[in-house]
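Features as listed in Swiss-Prot:
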| type | residues | note |
| --- | --- | --- |
| BINDING | 208, 209, 210, 211, 212, 213, 214, 215 | ATP 1 binding site |
| BINDING | 606, 607, 608, 609, 610, 611, 612, 613 | ATP 2 binding site |
| REGION | 6-71 | region 'Repeat 1' |
| REGION | 84-148 | region 'Repeat 2' |
| REGION | 161-342 | region 'NBD1' |
| REGION | 343-546 | region 'Linker' |
| REGION | 556-766 | region 'NBD2' |
| REGION | 767-879 | region 'C-terminal' |
């Protein structure tokens, strides 16, 4: 026996058979051990051959295991020594002769199996005969498997049934009803059929953006081939999808990948046009299997493609086609491009209507038609970085999954009731141990309350179970209906018209009627929602994008109508600005905003400290309940010409290309937010050129060529231009003249095309002395919040309020000096008192003003007088 004459798999099986004999304690290495490992093989080559030869591989395996169990076992010193049985030596000899006779260079698995069946004296041969296997039938099965090929390499078995291993039969999947229906796309399917019908270079490649339905077109072609809805040249063809991952996986040695691919191509060529090969992600062919000196997959395909022996359909994206396929001109010319564009909104609605039944059956919930329309329109508007119909299908799928999860979960009403029952039962057990009259009286009341709750809970549980069962019944009926429709289609193809008639006019209408009855009995007051509606779709969109597109609740409508009042509580004395921002938000939430522009773009002009940035923070807190939920870009960081790249990302070839831009990345991650460009006049003029597209079209292309959507953002720019005019404006003077002076400066600094795109330019007036009291209240509310954890309560009387307002008012600097006054006059003394222990946690501190100083609980603090800075330590430190 020359081991080198055996293929790698046969060597592996012989080694496994020897290990089995040693493990079982058998002294002889018999043909039974070989038969056992051959039948245990996960790929099932030997088992498949036995079944094809008319035998029963499972029965033979069971009989082999029983025979091995009866073999004598050796333990002790003689264990572990295995001798070759004469029958095994005969089997190896017969296998080598059979291989030589067939012209094989190597002994393969099937030759070894044939040798076992030829030896009628061995127990393995007798078991094969009893199992219905004859050498003649087995030889015929081997020849059918080999298709005239000889074993010329140590991995020859990899070439057997290559298409079964490395491809998926789409026509069979269509026959089994595993493919989703394909709606529309008639033009693309017709163009694909036209290219396939050519004499040479009959290989279409479907090129389109990800998610537009390239693979679906091929599945549609498989369904058409199955239904005979194709020209004569394509009738009865098989459409197989090549699995590149399976081809490459496990190919350890050089040449193994090429051998597998060549085996696939040989089978396709041998079919003489009967097989069309579909290669999804076709760009993976270029460079696949490439190693030093080896050919890649695309070079192996080229000759067969050029001769027209290989019918092939490719599919890839525009970017990948340009990057990989177009560079290889010899490969590109062998394929005929078929461009697949994104379907229109109307076409996508039709596609979703065709898929609806499959998704209803899978999730066990009903999907309303309004939900399908909402999925298409909302995904088209708000999910801009993906393509129809993929994003609309994903929306429908997730909304249905979310509803199904709610149906399977206990309703909130029942859940809270059950939790209350558990709480009362714990209390009941505790009261049972008490003997005082009060506890006994409470126990009687509690038991009555508990009995009532348990009765209500039982009724609700029963009602919930009934509703769940109804949905479950509908799902089962829909699954049954789907199976019957597949059976009907197959019966019509086979010409079994009697069975087709029974199904079409009997069982199918009967099931449809039952489903209609269940759905007609929907209860408006049901505990669980039974259908996916447009609002469910809107909720999913809101989760994905952060854009509040779901239906406004009454509370939110009320909140929007009172927006000025809410923002006015934080921003004092700037009603014009607050009103302009509020109307923009209301317009957007009511759906009256131009869908191709940002929600609003404002330029806030005014002196420092009057509330420009504060209004933006208040707006972010109002919209998102978090004042940090905004992109704040300090434009003083963008004073150089090259700093524009930091906003949108560096172009290709520059350092930081992969990192993305400050502005574009923030909006891509969170499309619904406030964007604040602080101190915009300090930026380089070229920065404004970048903003032109954002303000006008609501979009911006970043350094990597991706389009970022700004249509759901609110853009605020702040500037101090012309603030000196506003500061020096006498009280009561007409603001019109001052506005004209300020606008003159703005026009001199910014270009007309930039200013023309801003929705509103709003002037912030300097703060009046009368408004300082309200600002004191706002600042004090923040200080009180800081002391909440210590339970220290501050009580500020009117005198102290007026004192702080007087000291903190400065027309040139707005409200910021007030913050410093509160810090020095209130926070600093208070901090000392807390550290000294004169103010403890939970204390009440009354703050007043007497004799021109603030008092704390009637006493002036050490630091009541604010000393001017002289460069020397304060007097109190010298005392």
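Backbone N, Cα and C define each Cβ position, glycine as well.
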Q) If H, G and I count as helix, E and B as strand, and all else as coil, what does DSSP give for residue 214 (ATP 1 binding site)? A) helix
**Q.** Where residue 613 (ATP 2 binding site) sits in the secondary structure, as DSSP reduces it to three classes
**A.** helix
Q: Specify the nearest of the binding-site residues 610, 611, 613 to residue 215 (ATP 1 binding site), where nearness means the distance between Cα atoms.
A: 613
Q | Secondary structure tally of the region 'Repeat 2' (84-148) (DSSP, helix then strand then coil) | A | 47 helix, 2 strand, 16 coil
Q.
Taking 10 A as the limit, how many CB atoms besides its own sit near the CB of residue 612 (ATP 2 binding site)?
A. 28
Q. By a simple count of other Cβ atoms within 10 Å, which of 212, 610, the binding-site residues in the record, is least packed?
A. 212
Q) Whose Cβ lies within 8 Å of the mean position of the Cβ atoms of 208, 209, 210, 211, 212, 213, 214, 215, the ATP 1 site, other than those residues? A) 216, 317, 340, 387, 390
Q. Judged by the number of other CB atoms within 10 angstroms, which among 210, 611 is the least packed of the binding-site residues?
A. 210
Q) Nearest to residue 208 (ATP 1 binding site) by Cα distance: which of the binding-site residues 609, 610, 612 is it? A) 612
Q.
What whole-number Å value do you get for the CA-CA distance of residue 210 (ATP 1 binding site) and residue 606 (ATP 2 binding site)?
A. 48
Q.
If you average per-residue pLDDT over the region 'NBD2' (556-766), what number do you get?
A. 81
Q. Taking every protein chain shown into account, which of the binding-site residues 209, 215, 606, 609 has the largest tally of Cβ atoms within 10 Å of its Cβ?
A. 606
Q) Can you tell me how far the Cα of residue 213 (ATP 1 binding site) sits from the Cα of residue 607 (ATP 2 binding site), in Å? A) 56
Q: Rounded to the nearest Å, what's the C-alpha distance separating residue 613 (ATP 2 binding site) and residue 214 (ATP 1 binding site)? Just drop the number here, would you?
A: 49
